[in-house]
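Quick one: this structure, given as structure tokens, is what I'll be asking you about.
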Amino acid sequence: MTQNAPNRGPHTGRRGLLLGGGGLLLATLWPVKGLRADAGMLVEDSTAPFAPNAYIRITPDNRITLILPNIEMGQGIYTSSVMLIAEELGVDLNQIEMEAAPPGGGAEITGGSMSIMTEWKPLREAGAAARTVLVQAAAKRWNAKPESCTVESGTIRHLSGLRLTFGAVASDAAKLPLPKEPQLKSAAQYRLIGKPQHRLDSVVKVEGRAVFGIDVQIPGQKIGTVAASPVIGGTLKDFNRDAAMAVPGVVAVLVTDAKDAVCVVGDHYWAAHKGLMALHPEWNEGENAKVTTQTVYDQLHDGLKGPAIVPTSKGDAPAIIAKSHAHYSAVYQQPLLAHSTMEPINCTAHVRPDGCDVWTGTQVADRARDTAAEITGLPKEKIAVHSQYIGGGFGRRLEHEYITQCVQFAKQVPYPLKIVWSREEDITRDRYRPAYVDEVTAGLDEKGHVTAMTHRVVGPAVVARWDPPELTKEGYDEDLSVGTLITPYNYPAYRLEFARREAPGVITAWWRGVGGTRGLFVVEGFIDELAGRAGVDPVAYRREMVKDNPRALAVLDRVAKEAGWNTPLPQGRARGVALQFAFGSYMATVAEIEMPENNVVIIHRVTAAVDCGQVVNPDQVISQIEGGLIFGFSAALYSEITLKDGWVEQKNFNTWRVMRMNEAPRRIDVHLMESSEDPGGIGEVGTAAAAPALANAMAAAQGHRYRTLPLLSPRNLEKEAAK
Amino acid sequence: MLTLRVNGQTHTVDVEPDTPLLWVLRDVLGLNGTKFGCGIAQCGVCTVHLDNRPVRACVLPVGEIGNRAVTTIEALDEADPVVHAVKKAWIDLDVVQCGYCQPGQIMAAVGLIRSTPNPSDEQIDSAMSGNMCRCGTYMRIRKAIHQAAGDVA
Amino acid sequence: MSRFSHARALLTGSGLATLALLSSLNTARADSAVLARGEYLARASDCEACHTAPGGVPFAGGRAFNVPGMGVLYSSNITPDPKHGIGKWTDEEFTRSVREGISPGWKHLYPAMPYPAYARMSPAEVKDLRAWLATVPKSANTPPANRLRFPFSIRAIMIGWNLLNGPRSSYPDDPSKSAEWNRGRTLVEGPGHCADCHSPRTLTSGLSTSRAFAGNTINGLRAYNITPDRTSGIGGWTDEALAQYLATGHADGHGTASADMAEVITYSLRHLTPGDIRAMVTYLRDLKPVASDDAPAPSRVIVSNNGTVPQNTRGGRLFVSACAGCHLADGSGRQTPYANIAGARSLSANDGHNLIRIIMDGSSLTTRDGSTHAMPGFAGGGYSRKDLTDITSFVMTHFTEATPSEAALNKAMDAK
């Protein structure tokens, strides 16, 4: 709520861990003697209370390998992490090889757009520290001063023209103490940072050689596919094992300890799939078979009344509202959402008496290791988690229940077992973005400006399940602050309320944009409504509200200029704006749409101005904004998970609709602001901007507003038809 | 036992004829560049070429393929000017994000440019909208196809 | 299996088990030729399609039949399970049930069960069928109770119905016709019970004889005119196309069997011999041509213009994203000829009824080699009613000269 509020939000938990993890890179030399000679130098933080999780490895043959915990799931983090190290180390991107770090000190969590935010300083310092000792080692060999040496492309040069590669001095360097505060380059000296670099993972992905979790091939592996209870809490009642085993290629039928899932294993997926069809599992569905979508929404609307937690307030907002010239309230509703990453959920595990290997795409490698240890009874150090490329994360792979499930099945068989969920399983047994209902009330002065704001959020506290210690004492989930408390605006008085309602019959989870995605739809829609009531242009109304917040004002002015906000539109078109501060980045977005019929939306053009601090890899920031917007538009227009008798009704892409190329915006222009502030997150900001910008444009086009997502839901359209 | 021609080689595989080509490629022949996404031809990540035309391998029973030639992403011939131009454009424009759908996108794009050497936006949308991308790389795909088509021409 | 049945019969012992023993002994004696004949008849009679719930155990019943004006009927469990299925029935009870519509306890069956047609099978044939049916895996499935309106909830009302419309008996071959024709008549009128879907019903829900095979609306779908009428029936089909369609579910230029007809192919016709398919064609060709008012609109010739569909309509945009993955932009089918929709009757029917139902609910066809070609349904999620009517209208107008109406399509969406 205050200007430039630190981005605490949902990620305090995840980021707190990451900060610890990122700190590992401020390092001393690797202490294992044997390694010093053979493996050259490893950079590690001996002062950290937990095991290291990221390394720079330079071997005498001049191979430079970065072993990083962050998992590439599309956001380009390999490339930008590498750029940070390479910049200070003094190597070219094409000289670097990459490895995924094994799980270490509880830090391997990739999510919440935090990678660059947390790595910005430690990775550069690691690179600089390594460069410093390499230069010192070379200087020593030449009997020269380090200051007389320069570094370029992995080579140290002396003024005299002498040259040594990093590899040649790596072993010597490993014996030197690391500088406590290595000298970092100034922004003007950057060769890589801020300049567009091609993604390092493009070629393998374009050639189809990138190994995703689902592609893992372990000799002797069998492939299983799974049916878990379609109703949360249900257990297996009956199934036809004989029929499944009779399918050619089927080798086993496995059941979890809790009898909540069954896996048919075959020589290949199709055999397993046919086996599962023949198995005809029947379920004791239990209590949750009563749950329907309406149960969930009713419970949320019920939470608008009665007691609530007040995590923060400023002044006596209700009193000010009561005394204000006018006041205005609106209720917004948002649905359950599936992740539906393109790569369906999968995991491969090989459980042996003396160890266990797990191959999977995960954003939480340490949790993967821990769950495998728990299920197998093996010590953690006997568990090896092999992280693979992730075919889309979006928060889904912050969950690890599929790893738990896989190890439960795999421990029953002697061979490596790969489980692959059908798309139907992937969508119906997802852990969903929660449904929420929000009520916002503003007190208004004579000019229609906000005197005070109250905002009640009704919904689950995802963090309570995902990372319980992060739930505040009062029972608040700070994720909900993004877009509600943390905004570019500065209200004179404010009161945030949270009425916790855990949805029955589903498990809720993080989803791209987390609190920002849900909060911004509400707040930016509401601000638009207030502007409309005041009879003020939505950009002008927001300008007034952020006049003391220069970064917010700058992105807003920039987007208005680039989108031609004040220029006339072609007949039938309308624009909507949204302004945000989330994940440490500022962004303003304008969507230009056309609604040729009352439920047809064509998104012609989206313009965004982004201030995410110092940009590491500009074109990848743009790419993330483009993709994030499309991800958000897709959900805003079409997506709603519904339940009937406890079963999820959407099963595959025929009923769970995803935006296609011919529905995507014809044009997205992303303008990056020059900034030397520390980098903000970027992977989620586009998604968070999408729904409010689009909903505001649709409201402008139609003359009335949908406060319920998805925008093209039957519920909205019927309301439309009734007019 | 069925005989299949995949990437210029003849394979004899012991699967039921109703097995979709996708699973023979991935789980029997170990060609994992072709991805599984939906199993109902809605997402296009399993796109391969059958006699040079893009098809969805997830719903193509191997028993119906006969002598027709299957080409997967692994065997797209770099010497082919269209293939070369498409891959180059994809890398130049940094199209990929998570990359999971991209083998299918590339197979579809190569098929499109072969049949329509200089496709319009409308033709690109028409040929490519069956290939989903959850990361939202659509605009770059469209741009890359234009660039590749221009390079070939 | 025979040994198992025998052992079971012995175990049950006592006089009470006499019936079971008899039945089991019958089965025990059934030789492979009997079982083969029985299976062929069971396939030809399409038992499995109706007696299997969607996604359920084969023959275990529970499929719902919405009979307009009457209510909802559920098919019964006909697996050999003694308690939930028909394991305890004698052959005689089974035969009476199949040929006369009277189950044990004088329970009159509703004519969703086509016993009037099955009556054309001889008692010996039905006994063979039963012998095979006794070999399918047992299921303890209990189908839901019928939900019928008064007076249909009273089974005895069927006694009166049977007097009007009731069971025919097997009848002798017509010596003036070829053996092939006679075989065709047996299959079409008997086990195949084609008229049950394709003939309109009379006021008392009997099958119309005057307009036999001239088309009917059943189960929420249009069963088209299959008389040799040139415009509204199958007069324009070649023998080869017709035979191919019946045997495989697809004929180029006529599209692919969908929905309920796809089930007939899947569970029944694909199992028939080429000779029997030819016989059915011969007989159908010789039916009295009857014109109906649902003649199809002419098809358009789609030039395969580099696979491009105009993107200036919503329907066109939705078609390339949701449909062209299988059907291709020109409708010729991408990975399989089964996805070739050119000339399909459902595209050219002006009311668009079947087309939109199939787009909503999907369809699944299993071919001769056991491969299943399925189209997913698009209702129930991200596609709105308008999306679905727009796709349907696009498909109809793009591929044919049909003139869809929004109102008719909306009506079809609500049918069932």
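From the backbone N, Cα and C atoms, a Cβ is placed for every residue, glycine too.
Unlike curated entries, TrEMBL annotations are predicted automatically.
Just lifted these from TrEMBL, have a look:
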type    : residues                     : note
SIGNAL  : C:1-30                       : signal peptide
DOMAIN  : C:33-137                     : domain 'Cytochrome c'
BINDING : C:Cys47, C:Cys50, C:His51    : heme c 1 binding site
DOMAIN  : C:179-288                    : domain 'Cytochrome c'
BINDING : C:Cys194, C:Cys197, C:His198 : heme c 2 binding site
DOMAIN  : C:310-399                    : domain 'Cytochrome c'
BINDING : C:Cys323, C:Cys326, C:His327 : heme c 3 binding site
Pop the Cα-Cα gap between C:His198 (heme c 2 binding site) and C:His327 (heme c 3 binding site) into the table, whole Å please.
27
Hey, what's the Cβ neighbour count for C:His198 (heme c 2 binding site) at 10 Å?
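Excluding its own Cβ, C:His198 (heme c 2 binding site) sees 23 Cβ atoms within 10 Å.
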Excluding C:Cys194, C:Cys197, C:His198, please set out which residues of the same chain place their CB within 8 Å of the center of the CB atoms of the heme c 2 site, keeping sequence order.
C:His193, C:Ala195, C:Asp196, C:Ser199, C:Phe213, C:Asn216, C:Ala223, C:Ile226
My list of binding-site residues is C:Cys50, C:His51, C:Cys197, C:Cys326, C:His327; which of them have a Cβ under 8 Å from any chain B Cβ, in sequence order?
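Near chain B - Cβ to Cβ under 8 Å - we find C:Cys326.
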If one looks at the chain holding C:Cys197 (heme c 2 binding site), which residues at least 6 apart in sequence have a CB under 8 angstroms from its CB?
C:Asn216, C:Ile218, C:Asn219, C:Ala223, C:Asp260
If you compare CA-to-CA distances from C:Cys194 (heme c 2 binding site) to each of the binding-site residues C:Cys47, C:Cys323, C:Cys326, which comes out shortest?
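Closest recorded candidate to C:Cys194 (heme c 2 binding site) by Cα: C:Cys47.
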For C:Cys323 (heme c 3 binding site) and C:Cys50 (heme c 1 binding site), what Cα-Cα distance in Å is obtained after rounding to a whole number?
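With the alpha carbons as reference points, the distance is 29 Å.
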So what sits near C:His51 (heme c 1 binding site) in its own chain, CB-to-CB under 8 Å and at least six residues off in sequence?
C:Pro58, C:Phe59, C:Ala60, C:Gly61, C:Arg63, C:Ser75, C:Ser76, C:Asn77, C:Ile78
Roughly how many Å separate the Cα of C:Cys50 (heme c 1 binding site) from that of C:Cys326 (heme c 3 binding site), to the nearest whole number?
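Cα to Cα, C:Cys50 (heme c 1 binding site) and C:Cys326 (heme c 3 binding site) are separated by 28 Å.
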Are there residues of the same chain, six or more positions away from C:Cys47 (heme c 1 binding site), whose CB falls under 8 angstroms from its CB, and which are they?
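Once residues fewer than 6 apart are set aside, C:Cys47 (heme c 1 binding site) is near C:Phe59, C:Ile78, C:Leu129, C:Leu133, C:Tyr267.
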What same-chain residues, at least 6 away in sequence, bring their CB to under 8 Å of the CB of C:Cys326 (heme c 3 binding site)?
C:Gly333, C:Arg334, C:Gln335, C:Thr336, C:Ala339, C:Met375
Taking the Cβ of C:Cys323 (heme c 3 binding site) as the centre, how many other Cβ atoms fall within a 10 Å radius?
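For C:Cys323 (heme c 3 binding site), the 10 Å Cβ neighbour count is 25.
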Out of C:Cys50, C:Cys194, which has the highest number of nearby Cβ atoms, where nearby means within 10 Å of its Cβ, if these are the binding-site residues?
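Of C:Cys50, C:Cys194, the one with the most crowded Cβ is C:Cys194.
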Give the sequence-ordered set of same-chain residues, not counting C:Cys47, C:Cys50, C:His51, with Cβ within 8 Å of the centre of the Cβ atoms defining the heme c 1 site.
C:Asp46, C:Glu48, C:Ala49, C:Thr52, C:Phe59, C:Gly61, C:Arg63, C:Ser75, C:Ile78
According to DSSP, how is the domain 'Cytochrome c' (C:33-137) divided among helix, strand and coil residues?
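DSSP classes over the domain 'Cytochrome c' (C:33-137) add up to 41 helix, 14 strand, 50 coil.
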By DSSP, how many residues in the domain 'Cytochrome c' (C:179-288) are helix, how many strand, and how many coil?
49 helix, 12 strand, 49 coil
